[in-house]
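Engineer: One structure follows; several queries about it will come next.
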Amino acid sequence: MELVVKSVAAASVKTATLVIPVGENRKLGAVAKAVDLASEGAISAVLKRGDLAGKPGQTLLLQNLQGLKAERVLLVGSGKDEALGDRTWRKLVASVAGVLKGLNGADAVLALDDVAVNNRDAHYGKYRLLAETLLDGEYVFDRFKSQKVEPRALKKVTLLADKAGQAEVERAVKHASAIATGMAFTRDLGNLPPNLCHPSFLAEQAKELGKAHKALKVEVLDEKKIKDLGMGAFYAVGQGSDQPPRLIVLNYQGGKKADKPFVLVGKGITFDTGGISLKPGAGMDEMKYDMCGAASVFGTLRAVLELQLPVNLVCLLACAENMPSGGATRPGDIVTTMSGQTVEILNTDAEGRLVLCDTLTYAERFKPQAVIDIATLTGACIVALGSHTTGLMGNNDDLVGQLLDAGKRADDRAWQLPLFDEYQEQLDSPFADMGNIGGPKAGTITAGCFLSRFAKAYNWAHMDIAGTAWISGGKDKGATGRPVPLLTQYLLDRAGA
């Protein structure tokens, strides 16, 4: 779908479908009044009959109104005379998109300037959410279907904006388009079956991305290099699988050479059986999504590349497959990490933190401004925050605050959890420096505490996306593309873009 921005009168625009908002109690905004006047009161007449109550997201399609160049007019309810919340605004846009997809028109014009959104400016903030909602709603994953989804007739959507705000709306669309591209890439990787999407496949994806972008350098560390670097925890996770582990390093130089980079670390467990600590069989197919941390880093990088942000960014993807076998890691094994700290592996299903801890140590060599790791790390985070909010922890209040703010601006929210010293005690082991689990209580926090022991050399934050990275079961099952909006917004803010 192509999104364009124009500053023209809605009543004079030629299009297959013109979309205008109508409030409750038959209230018409400036745009609706102009269209009503041009159509000789057709809008008012419909509202007087009570055909549309004007509640947010309600729609009514009108055909061939006199005095207009539009073939159809789609009225959409915008509610009472007050600003909408982000969720209501997104639902309104999705409702419009749903109607447009069912029509045979190749284009549509959205004249929604009169709708206010709470805590969003009238141009960039509001239209960024609108554009992301439209573009993300276009996503289809039918790669393995013998019958593909029929191509939609709607190819172009024009957003009408006032002249003063046109440049900001265009900027919003540019950013939204890049984020949507990144989210789609993230969702594609997450939705791929694990027999195809394994560590070596992700390494090939990185190499292809590197070939397409001169500013991006790619290095892939194989299992021998991982072992030679002393990454005993990382190596242990993959040793039970026929698919060898890979540490993928993508280095984007968009800023000045002297600028310290931001580092994103993604957990890339391409399939997680739990290892010897085997998971239950029911729902195990969804463990292909255990690489969504790495997928979201990939997606964020795609957005950054498309926008050519003036920042230096290093992406580290810690990829392995966690399988049981005669060579797999056992509960009770003790490994030495790259940092020199030893870990007693009490549960092989707590493997994400093992690949991450060595990768966090590896990140020190880049002398980063900040390091953010992203992982589908704990089921406890789903219990605590559900599927709406990402868990966030860190050792630097400024960094955590910046990420929380980015989440609000991107409507991709996170919530901070504590890393108090008392939780660290739950990781004590009688045989090693620490265990890899901290007991049944506060599992998300103790996982963060574990990682914090390997991130003391820099400002660090940990994002647990176990609840937000994918939707379980039902017709909407699949990867969500989160937290690409949050991460991209964070980097946009750092770049001043």
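Keep in mind that glycine also has a Cβ here, set from the backbone N, Cα and C atoms.
If you look up Swiss-Prot, you'll see Lys279, Arg353 marked as active site. Annotation source Swiss-Prot lists Mn(2+) 2 binding site at Lys267, Asp272, Asp290, Glu351. Here Swiss-Prot flags Asp272, Asp349, Glu351 as Mn(2+) 1 binding site.
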Engineer: State which of the following recorded positions has the fewest other Cβ atoms within 10 Å around its Cβ: Lys267, Arg353.
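Structural biologist: With the recorded positions Lys267, Arg353, fewest surrounding Cβ atoms within 10 Å: Arg353.
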Engineer: Can you check what DSSP calls Asp349 (Mn(2+) 1 binding site), collapsed to helix, strand or coil?
Structural biologist: coil
Engineer: Including all protein chains displayed, how many Cβ atoms other than that of Asp349 (Mn(2+) 1 binding site) lie within 10 Å of its Cβ?
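Structural biologist: The Cβ of Asp349 (Mn(2+) 1 binding site) has 19 Cβ neighbours within 10 Å.
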Engineer: So if I measure Cβ to Cβ from Asp272 (Mn(2+) 2 binding site) and keep only same-chain residues at least 6 apart in sequence, which ones fall under 8 Å?
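Structural biologist: Residues satisfying the criterion: Lys279, Met287, Asp290, Glu321, Asn322, Asp349, Glu351, Gly352.
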Engineer: Around Lys279 (active site), how many other C-beta atoms are within 10 angstroms of its C-beta?
Structural biologist: 14
Engineer: Which state, by DSSP, holds Asp290 (Mn(2+) 2 binding site): helix, strand or coil?
Structural biologist: helix
Engineer: Using the Cβ centroid of Asp272, Asp349, Glu351 as the reference point for the Mn(2+) 1 site, which residues of the same chain not in that list have Cβ within 8 Å?
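Structural biologist: Surrounding the site, in chain order, are Val237, Ile269, Thr273, Gly274, Gly275, Ser277, Lys279, Met287, Asp290, Asn322, Thr348, Ala350, Gly352.
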Engineer: Please give me the CB contact count at 10 A for Glu351 (Mn(2+) 2 binding site), counting all chains in the structure.
Structural biologist: 29
